[in-house]
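To keep things clear, I will list the structure first and then write my remarks on it.
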Amino acid sequence: MDTSSINAQSIFDDNAATLKLSWLTGHEGWERGFSSDTVANATSSADLVGHLNLIHPNRIQVLGEAEIDYYQRQTDEDRSRHMAELIALEPPFLVVAGGAAAPPELVLRCTRSSTPLFTTPMSAAAVIDSLRLYMSRILAPRATLHGVFLDILGMGVLLTGDSGLGKSELGLELISRGHGLVADDAVDFVRLGPDFVEGRCPPLLQNLLEVRGLGLLDIKTIFGETAVRRKMKLKLIVQLVRRPDGEFQRLPLESQTVDVLGLPISKVTIQVAAGRNLAVLVEAAVRNTILQLRGIDTLRDFMDRQRLAMQDPDSQFPGKLV
């Protein structure tokens with residue numbers, strides 16, 4: 001992962017308003033950030049932001065009231081030693097939180113070493129929580145997939161398939177039936193948690209849907225505010241195919257999945273043919289997926305019913321289990 005764009009300046013710009021940050025000194029060190037090794041070795045964003053801790057030198061160090069009080073109780077010699085050790089570790093930047101006054105020696109050393117020093121009236125815990133969430137978002141695995149991403153019955157559904165199969169037309173039909181558009185053509189996905197992938201629309205394509213023969217349609221203007229969504233969690237992939245290939249199964253015994261950013265996402269395959277109402281089929285697939293998420297598997301229930309019928313000697317469907 002390229003971490004060159006993640007530095008003190010970018011983090012300050014993105015969080016200054018939210019965290020009420022002020023840049024006290026060390027402006028020359030605006031390019032300070034995280035090394036690739038530090039990010040690669042971090043198990044989570046918690047490894048990159050935390051309370052003052054000299055054991056983890058390469059993370060963002062936050063000094064709250066407890067840390068400042070501890071510093072004030074030290075002897076001059078211990079203060080100087082701790083400050084020298086802290087600055088020598090070259091953290092990306094320091095934050096003095098809780099409205100506490102930054103110790104003069106800390107300000108002096110940050111100025112001399114070009115170490116960015118921020119201050120904020122917010123508590124250290126609030127600053128750490130916010131920065132951890134921010135870091136987890138910008139460092140999360142990302143991917144851009146081709147397709148139409150929709151909110152169907154509250155579920156994030158990605159329509160995929162070869163060009164010319166009518167994905168955008170199908171998306172338009174589903175939007176006209178009351179569902180919402182997230183993104184068309186290019187969808188930005190990011191894995192923000194261990195069990196979900198979130199999809200958004202690139203800013204350039206916001207609210208737009210391209211339909212052959214009609215060109216670009218502004219869905220928000222045509223259908224209203226409720227016809228578009230800012231983001232959705234990806235739960236289902238619907239692949240459109242022109243004709244079934246050798247792997248197509250009429251009644252798949254096992255659920256199909258597609259790996260997206262290391263997370264298995266449920267997948268259904270629908271054949272595109274004349275006379276088929278694809279919008280109804282997609283809605284049915286979504287409803288069936290919702291049932292499966294609730295533990296209701298229609299195919300498994302039918303197989304159990306069939307097995308019981310074959311085992312019943314009085315059944316009109318006698319058979320022998322293999």
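Any Cβ shown, glycine's included, is placed from N, Cα and C.
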Can you identify, from 151-156, 259-264, 271-276, the stretch that Swiss-Prot calls region 'Important for the catalytic mechanism of dephosphorylation'? 271-276
Tell me the Cα distance separating Glu210 (Mg(2+) binding site) from Ser168 (ATP binding site), rounded to the nearest angstrom. 7
Cα-Cα separation of Gly166 (ATP binding site) and Glu210 (Mg(2+) binding site), in Å? 11
Within the region 'Important for the catalytic mechanism of dephosphorylation' (271-276) only, compute the mean pLDDT. 86
Tell me the Cα distance separating His146 (active site) from Gly164 (ATP binding site), rounded to the nearest angstrom. 13
Would you mind reading off the Cα separation of Gly161 (ATP binding site) from His146 (active site), to the nearest angstrom? 9
